[in-house]
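The feature active site, proton acceptor is assigned by Swiss-Prot to Asp14, with sequence analysis given as support. According to Swiss-Prot, the active site, proton donor annotation covers His42, on the basis of sequence analysis. According to Swiss-Prot, the GTP binding site annotation covers 13-19, 41-43, Arg307, 333-335, 416-418. Residues or ranges marked as IMP binding site by Swiss-Prot: Asp14, Glu15, Gly16, Lys17, Asn39, Ala40, Gly41, His42, Thr131, Arg145, Gln226, Thr241, Arg305. Taken from Swiss-Prot, the feature Mg(2+) binding site applies to Asp14, Gly41, supported by sequence analysis. If you look up Swiss-Prot, you'll see Ser301, Val302, Thr303, Gly304, Arg305, Ala306, Arg307 marked as substrate binding site.
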Amino acid sequence: MAKNVVVIGAQWGDEGKGKIVDWLAEEAGGVVRFQGGHNAGHTLVVGGKKTILRLIPSGILHESLDCFIGSGVVVSPEALLGEIDELNAAGVKNVEGRLKIAPTCPLILPYHIALDQAREASRGKGKIGTTGRGIGPAYEDKVARRAIRAADLLHPEKLREKLDAVFAYYNVQLQHLHNAESVKAEDVMAVIEKVAPRITPMITDVSRVLNEKNKNGEKLLFEGAQGALLDIDYGTYPFVTSSNCLAGAASAGAGVGPQMLDYVLGIVKAYTTRVGSGPFPTELFDEVGAGLAERGHEFGSVTGRARRCGWFDAAALKRSIQINGISGMCITKLDVMDGVETINICVGYELPDGGKTDILPCGSDAVEACKPIYETMPGWSESTFGVKSYDALPANAKAYLKRIEEVCGAPVAIVSTGPDREETIVLHHPFA
C-alpha cells in the first residue's frame, strides 16, 4: 500500500516548504498543490541554482514526475504560464506535459486583481497585508458560485455569457465603492483568448488520476502553501489568507479521501517570522531580530517584503500541531541561529486577566493581548550550516531541538541546515 505525505507550514508561512517538498519528491509518484494561489513563493536550491515557484508544485524539477494543481487552488492563467516559461527557459523538460490542472480550479482574472488592490488601498491604516494578486476575490467568487473555472475555457461559447454577469457585479464595486476604474470586458476576453490554447491541454480529472496512482501503489506528496496560523478559520483572523492551509484541506483540495493521508509533516522554522500585519507575540525589535532577518535573508520571494522576526513560539506551534495532527516536524534554518548567545523559547502566554495559557488563543484580538512567557537556553557558536549528521550538531543545538520536541509534543523528523537539497539531516523519513 502506498504511503502518502502532506507537507504544511506550521507557522505564519515562509518556513521552507519548497525545499522539503523538492527533497521528498525523489520518492513520490506525484506532487499536488491543494490550496492557495500565486501569492506565496516556494524557493528551491538544487546544485546552487535557485528556482522560485508560486503555483507549480515543487516537484516539477524532477523531470519524470507528474505534478498536479487541485481544485482548492485559485489559478492565475497568466502567472501560471509565466512560471512555465521560466522553467522552460531554465531547461526543465516537458513542464506542460507533466503538469495537470483540475477542471474545477477557479481562475484569477483581471477584475479580481483590480478589486483586491482597490480594497486594500481603501483600508488605510487597517490594511490586512494582501499581496494584491486577486486571491481573496477569486475565493469569494468560488463561494458565491460565480467563479470562472478552468473547465469554462473548454466552452468559449458559454463563457462570455458568464463573464457578462460577473462584470456587472465587479464594476459596480470598483466604480461606486472604491472610486476605481472599471474593468473592460474586451480586455478580459483578450487575456482568456491568449491563455486558453495553452491551458486547456493541461486540464485533467486530477481527483481520478490521484486515486488511480494511489491504487497502483505510487506515493503521493501533497504540498501546502502559506502556513497554519494564516488559515482562514484557525489563524489570527482577520490577518489571514483566504483559504484553509491545514493538512485536512489536502483531502478536499485535491479530491482524495482523508484515509489516503498517512503522514503530516509540519515545516517549522527554528525561529518565528511573519509578513505583513497581524499580531506576533514573540516579535523582536532589537539587534537580535535584525540579525536573524539578515542571516536568514528574510524577504518574501514573491513580494520582496521584509519579514518580521522573533523568538521561537512553542505555544503557537502547539496550536498548529493540534489542528493539523502533525506526525513529525522538519526544523528549518537551524543554521540562522548559529552565534546567538542566549536563546529564548516562548512556552506560553500571560493573559490580561492574570491567567496563563500554553497554547495560542483563537483570533487576532486574543493573540494581541498575550504576553510571552520565555524559557532561556544557551546558544552555540559553532556552525551548523550544511551539517548532514545529527551527531555532528553542537550539543546546545541538539538540546534546543530536544526542548522544542518536549514543549510542543511532536517529534523532530528532519532538520534542514541550508537551502540545498543535500543540506538535510533525516531522523525519520516521512515515507518510511
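Cβ atoms here come from the backbone N, Cα and C positions, even for glycine.
Structure with Swiss-Prot features highlighted.
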residue	record	DSSP (3 states)
Asp14	active site, proton acceptor	coil
Lys19	GTP binding site	helix
Gly41	IMP binding site	coil
Thr131	IMP binding site	coil
Gln226	IMP binding site	coil
Ala306	substrate binding site	strand
Leu334	GTP binding site	helix
Thr417	GTP binding site	coil
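For the IMP site listed in the record, the two most distant Cα atoms among Asp14, Glu15, Gly16, Lys17, Asn39, Ala40, Gly41, His42, Thr131, Arg145, Gln226, Thr241, Arg305 lie 34 Å apart. The binding-site residues listed here (Lys19, Thr43, Gly304) include no residue with a Cα within 10 A of the Cα of Gln226 (IMP binding site).
Distances between the Cα of Arg305 (IMP binding site) and those of the recorded positions Asp14, Gly16, His42, Leu334 are shortest for Asp14. All protein chains shown were included, and the count of other CB atoms within 10 Å of the CB of Leu334 (GTP binding site) stands at 23.
Put simply, Leu334 (GTP binding site) is 14 Å from Asp14 (active site, proton acceptor) when counted between their Cα atoms. It is 13 Å from the Cα atom of Thr43 (GTP binding site) to that of Gly304 (substrate binding site). Neighbours of Asn39 (IMP binding site) among the binding-site residues Gly13, Lys19, Gly304, Ala306, defined as a Cα within 10 Å of its Cα, are absent: none qualifies. Within 10 Å of the C-beta atom of Arg307 (substrate binding site) sit 20 other C-beta atoms, taking all shown protein chains into account. Considering only the recorded positions Lys19, His42, Arg305, the Cβ with the fewest other Cβ atoms within 10 Å is that of Arg305. A sphere of 10 angstroms centred on the C-beta of Asp14 (active site, proton acceptor) encloses 26 other C-beta atoms.
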